[in-house]
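Trainee: Quick one: this structure, given as structure tokens, is what I'll be asking you about.
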Amino acid sequence: MTYETLLERFLNYVKINTRSNPASTTTPSTKSQADFALTVLKPEMEAIGLQDIHYNPANGYLIGSLPANSSKLTRKIGFIAHMDTADFNAEGVAPQIIESYQGGEIKLGQSGYSLCPEDFPNLNQYLGQTLITTDGTTLLGADDKSGIAEIMTAIEFLVANPQIEHCDIKVAFGPDEEIGVGADKFDVNAFDVDFAYTIDGGPLGELQYETFSAAALELKVLGRNVHPGTAKNQMINALQLAMDFHSQLPVDDRPEKTDGYQGFYHLHSMSGTVEEAQASYIIRDFEDSSFEARKAFVTQLAEEMNSQLGAERVFVTVTDQYYNMKKVIEKDMTPVNLAKAVMEDLAIKPVIEPIRGGTDGSKISFMGIPTPNIFAGGENMHGRFEFVSLQTMEKAVDVILGIVQKA
């Protein structure tokens, strides 16, 4: 189905910079997210007919409700999307609209960058569709403003068509998903549902209830600096030790060499001097045993290096971030089976596969609300090559509407 307000709503959202900040200690991590919630989303929620709208400054969540209009539909279902965007320029987003894409190169404004099927063969799946791209200087923000727009559009449609019977619905728009802390303070008592869905997936048909289990690894290395001309048997180069540590991690256990259910170590920043060096990693895996083994391996590696050095110079701090929500959701597959049935009714092929990442649903599921993830449409997310299909967004709205009518 087509929804006349969907595209305009999405374009309005993405033009607002809501980039999160991992260095911040506030909630939300950036004021722009709270402003977006209070000055854009909250008035719109009121205008389209949501009730019991509340913004909680303690956790950054904006919540609203739409009561059931049928006694036959007894479930209470939630839909969740996040307001922040990833760690890439989000100031001055200028979307391009490519109507009826016919294939080939899409120039991204005057940036000198292009979307090419040779680099991004997923483009070939969108022939004839309306694509929204960046101008090459920013990300787009379809992750996850497409999800927000889809939820809003579905609610607007239900209120405008009261003859459509639906269950109790709650919606929540939250902060800081991209920096991994958005759901830490989620208030399950304020979100009284049987189960929920994050609308935060990628291409058409994605339906996910498995995520990585995740940990952060901080490496600190202490060296000893002396003049390089007289350094023999005296200098201890912290940068070299950090490189030695990294070189002992399995060479094939990296993001660029893994897929499916394979885990990895990912070095995402390194800095330092001869005197002191730091490196930051993320650790990811699906199975508990593999996840624990990865964490134990880096701890043991540091101990072995210190033993060889004869001093405590290599320090690792491992902090768990979130866990695979499969262990919660597989206890009752109702939310997955319901979404799957709705997709099949709509002739959408469900693509049920693990998320090689996490969602707010990872943490919310462990708080007691099973929360699988549904496609929102974004492709090539988190950078200048991000794009989304309007037709996929429309189908996401269709799925939301189907779920609340089938609950």
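Count begins at 1; order follows the chain as displayed.
Backbone N, Cα and C atoms are what each Cβ position is placed from, and that goes for glycine too.
The active site annotation in Swiss-Prot covers D84 and rests on sequence analysis. Annotation comment: Swiss-Prot describes E177 as active site, proton acceptor, evidence class sequence analysis. Among the features that Swiss-Prot reports, Zn(2+) 1 binding site is placed at H82, D143, D200. Annotation comment: Swiss-Prot describes D143, E178, H382 as Zn(2+) 2 binding site.
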Trainee: Where H82 (Zn(2+) 1 binding site) and E178 (Zn(2+) 2 binding site) are concerned, what is their Cα separation in Å, rounded?
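Mentor: Per the Cα atoms, H82 (Zn(2+) 1 binding site) and E178 (Zn(2+) 2 binding site) stand 9 Å apart.
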Trainee: Tell me which of the binding-site residues H82, H382 sits in the most Cβ-dense spot, judged by other Cβ atoms within 10 Å.
Mentor: H82
Trainee: Under DSSP, is H82 (Zn(2+) 1 binding site) helix, strand or coil?
Mentor: strand
Trainee: Starting from the Cβ centroid of H82, D143, D200, the recorded Zn(2+) 1 site, name every other residue in that chain with its Cβ within 8 Å, sequence order please.
Mentor: A81, D144, G147, E177, E178, T198, I199, T359, D360, A376
Trainee: For Zn(2+) 2, what surrounds D143, E178, H382 with a Cβ no more than 8 Å from their Cβ centroid?
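Mentor: Output for this site, in sequence order: T85, A86, D87, F88, L139, D144, E177, M381.
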Trainee: Give the sequence-ordered list of residues that share a chain with D200 (Zn(2+) 1 binding site), lie 6 or more positions from it, and have CB atoms under 8 Å from its CB.
Mentor: I80, A81, H82, D143, D144, G147, E177, T359, D360, G361, N373, I374, A376
Trainee: Cβ-Cβ under 8 Å from E178 (Zn(2+) 2 binding site), same chain, 6 or more residues apart: which ones?
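Mentor: Long-range Cβ contacts: S20, H82, D84, T85, A86, D87, D143.
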Trainee: Three-state secondary structure of D200 (Zn(2+) 1 binding site) from DSSP?
Mentor: strand
Trainee: Under a three-state reduction of DSSP output, how is D143 (Zn(2+) 1 binding site) classified: helix, strand, or coil?
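Mentor: It is helical.
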Trainee: Mind giving me a neighbour count for the residue listed as 'active site'? Other Cβ atoms within 10 Å of its Cβ, every protein chain shown.
Mentor: 28
Trainee: What number of additional C-beta atoms lies within 10 angstroms of the C-beta atom of the residue listed as 'active site, proton acceptor'?
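Mentor: Its Cβ shell of radius 10 Å holds 26 other Cβ atoms.
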